[in-house]
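Residues annotated as active site, proton donor in TrEMBL: D326. As annotated by TrEMBL, [4Fe-4S] cluster binding site applies to D36. The substrate binding site feature in TrEMBL is assigned to G461, M462. Residues or ranges marked as domain 'Nitrogenase/oxidoreductase component 1' by TrEMBL: 12-458.
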Amino acid sequence: MKLAYWMYAGPAHLGTLRVASSFKNVHAIMHAPLGDDYFNVMRSMLERERDFTPVTTSIVDRHVLARGSQEKVVDNITRKDKEEKPDLIVLTPTCTSSILQEDLQNFVNRASTESDCDVILADVNHYRVNEIQAADRTLEQIVRFYLEKAKKTNIANSSSDLDLTEKTAIPSVNILGIFTLGFHNTHDCRELKRLLTDLGLEINEIIPEGSRVDNLKNLTKAWFNIVPYREIGLMTAHYLEKEFNMPYVSVTPMGVIDTAIFIREIEKVILDLGKEKKASSSQAPISLNNKSNEIDYDKIHKRFEDYISQQTKFFSQAAWFSRSIDCQNLTGKKTVVFGDATHAASLTRILTREMGIQVVCAGTYCKHDADWFREQVFGFCDEILITDDHSLVSETIRRIEPSAIFGTQMERHVGKRLDIPCGVISAPVHIQNFPLGYRPFLGYEGANQIADLVYNSFTLGMEDHLLEIFNGHDTKEIDQLKDNILKSPVNNLDVTNTLEWSKEALIELKGIPGFVRGKVKRNVEVFALKNNSTVITLEVMYAAKESVTT
């Protein structure tokens, strides 16, 4: 536990609440003081929606501290069960309940006997995991709970129609890890569905966003699982692979190259499963092109490769843009990338191998995934930074002085202070990064959006040329120098009053574009002060320019 000005990942209960709130008709009850009950306001503001199950806070107050929490928590659970009639109630531990050493599992056991819905306690250690890790664990716990429940139902009722080993006739997938308050998650999900449908695959289930817990028993019908983000979904994928022999694809389809790798991974999984089916049955092969329930495995490779080629050449403009003169102008520009492990690693590779931009430092705040991150960005950047300390990230950016930053909302603030442009590529973010329009980061359309974001994050064209000529990117050092000169004890008079501009110099100054005129004026005045010139003439202006450009 710590008091912090900024946290990249929030406390564990926030991750649990995000997962519970993503499901339809799942109610979360948080045992916490009033100060922790901001989740409903935050979600409704950022996601701009009203159709979600709100979180209930079981308030810890002085009466609870005096009498204990059991009666109040159990009453809240049973009351919500009667009022909302949810499918599931998740009791969320917090740091307060941990400090009070409340036996929340006992509360859940008692409430379960008095409620019609299912009641579980989120199995997270508030002191050992953060928001991201808790979200991943909570999703896996809910999936496990309902699949184990389905297993028990099958054993108890031998006539049950539910078969957890049954698969769909056409290759189908589950998408794991799309949830509320995720960075462009809803847009990415829409793009993923389009891509998978184009490949002839069916979407079996998408969890947790918009799904119902009653549908979790259908997860095993899919041929395999897709985990687009490492932050949430991997634990569920591991569980399904271990218990139900379901393979998964965890390549993030971000950028043209990784999207092609993602599609080829899907092809490999389908072909491997197809070989198993052929070996275990004598049914005719299947085709993803026709409307019959047949799969022609020999044609899958050609179809997938043709799709990659068509999308890369004609749909995605990112591949063409990377060869254009506009993108080549970015070659050698220095950048810093920081965010969650998935987005930071993917964008580092995109900048380096697809756009030719130098990534001086790539970093992540996901310290629990540090080994994977290092492996992914090795060879694509000069430095690797693993930290959740925003001040260390800020100091690194200040030291490197990049042309652009790609990071979270905090790096955007840092960029504003240092006058360095920043493109936001990862959570945590503010409301402006929950766009109303369609802005995916995954797939081929996502590659277009990322190319736009990268290009527009740099100072370009004539603006860049003029700023470099007049040293516009480095005004802080010049301003400090001027302040030091003006405040020097040697100068008893007000030095600014001793500087005069000649008529010709003023005419020349007015001819400079307005957006850099002020910076040029300051630079020339500093040059004149350093060289003991009291009158600024054309010769002084040209000498000041020469001193900067050389």
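A Cβ is built for glycine as well, from the same backbone N, Cα and C atoms used for every other residue.
Keep in mind it's a predicted model, so treat the numbers as computed, not measured.
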Per 10 Å Cβ neighbour count, which of the recorded positions D36, D326 ranks highest? D36
Whole-number Å value for how far the residue listed as 'active site, proton donor' lies from D36 ([4Fe-4S] cluster binding site) (Cα to Cα): 48
Do you know the mean pLDDT across the domain 'Nitrogenase/oxidoreductase component 1' (12-458)? 89
